[in-house]
Amino acid sequence: MLDPALLRHQPADLAERLRTSRGFELDVSALESLEADRKRIQVRTQELQSLRNSRSKAIGQAKAKGEDVSAIMAEVAAFADELKASEVALDELREKIDAISMGIPNLPADDVPAGADENDNVEQARWGTARQFDFKVLDHVELGARNGWLDGETAAKLSGSRFTVLRGPIARLHRALAQFMVDLHTGEHGYEETNVPLLVNADSLRGTSQLPKFEDDLFKTAVGDSTRYLIPTSEVPLTNIVRDEIVDAERLPLRMTAHSMCFRAEAGSGGRDVRGMIRQHQFEKVELVSISRPEDSDAEHQRMTRCAEVVLEKLGLPYRKVLLCTGDMGFSAVKTYDLEVWLPSQETYREISSCSNCGDFQARRMQARWRNPATGKPELAHTLNGSGVAVGRAMIAVMENYQNADGSITVPEALRPYMGGLETIG
């Protein structure tokens, strides 16, 4: 969440910045009314608490002298109900203000381009050259059907739409991709491999901002009195490792990676990408998370994005790097780079990685802090997350970019050690 001082002292300025950069309408009058009530009731609550404390002290002193305390106790009883009601009212007002705060998106960095949607994103660079085919290009669905690799029909019988059963060599290729990415990020990029729970509590999702705003896109389980959510990304458990922690400065930047299943309801997908594996309810991803000092987060963001780029380059997959505009960034982000891989069947680039610097937005929700050695005091850390990369989409890109005229797939050299030396499948 944003710094509460912005809401208290600069609500009109904040509202204008949110409107112009995020298209978000902040109800300033409602916020100012709640804040005025909070201040008034907080002052009265503090007065009553001070009075209670002073009278309690007086009771103790009177008892020590053997004096009658009935009059003082009657005085305390007279304002006890008001104090209790005042404390309850203050808590309710704070909850209402917090609810507003939790629904406000992060403010973009100054160098993020203004824009309404993906059409206003700014391309930063391209790598690789799209292959020119001398035969009819098939998409991943057609290639999967020809080889008996992708079975959506059986998956629909088992689970419904937006699921796929992978069979034989393509299942092995999918596994090889994940292993390759984890080995690369741990062996060459300095990330610590981390195995995380797939079920998390609501506090974890509030910490990384999926709750309360995006609850409709989450799968929720309930057993008895226990409610858990399937993770939409391992960003959630990885980042929450430092929730309510004070990290020693010498441990920063803290870099973690996890290969995990991810689960999304795709409530807002609007029927997009219903064919094939581009947009699934269940998919795998290798996630990168960094916890850094505030002054280092820009450089860490560039580094993280570069780590994701290296994955695509080692696989020989053409891609482009895009700086997202204000209207296309995620809720928590200060700044985001997307990597989009070339898909020959669509003759376009599709997102395969998104790398975001969230500043102190998530850290404030989580109370994730580091101890500044210059002051000896704890301060909010900065959190960053990125896909390094989406495994299913990488598999699709390999299938399409490395396809042959007979429907077989050439295995990229980087994956051959993970495929028992196989050079082609199919």
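Placement of Cβ uses the backbone N, Cα and C atoms for every residue, glycine included.
When Swiss-Prot records Thr233, Ser234, Glu235, Glu287 as binding L-serine, the matching candidate from Ser159, Ser161, Ser354, Ser387 it lists for that site is Ser387. Ala265 (ATP binding site) sits 12 Å from Thr233 (L-serine binding site), taking the Cα positions as reference. Glu266 (ATP binding site) has Thr233 as its nearest neighbour among the binding-site residues Thr233, Ser234, Glu235, Glu287, Ser387, going by CA to CA distance. Residues within less than 8 Å, Cβ to Cβ, of Glu287 (L-serine binding site) and separated from it by at least 6 positions along the same chain comprise Thr233, Ser234, Glu235, Leu238, Thr257, Ala258, His259, Ser260, Asn385, Gly386, Ser387, Gly388. For Arg264 (ATP binding site), the same-chain residues that are 6 or more apart in sequence and have a Cβ closer than 8 Å to its Cβ are Asp217, Leu218, Phe219, Pro232, His281, Phe283.
Arg264 (ATP binding site) falls outside any helix or strand according to DSSP and counts as coil.
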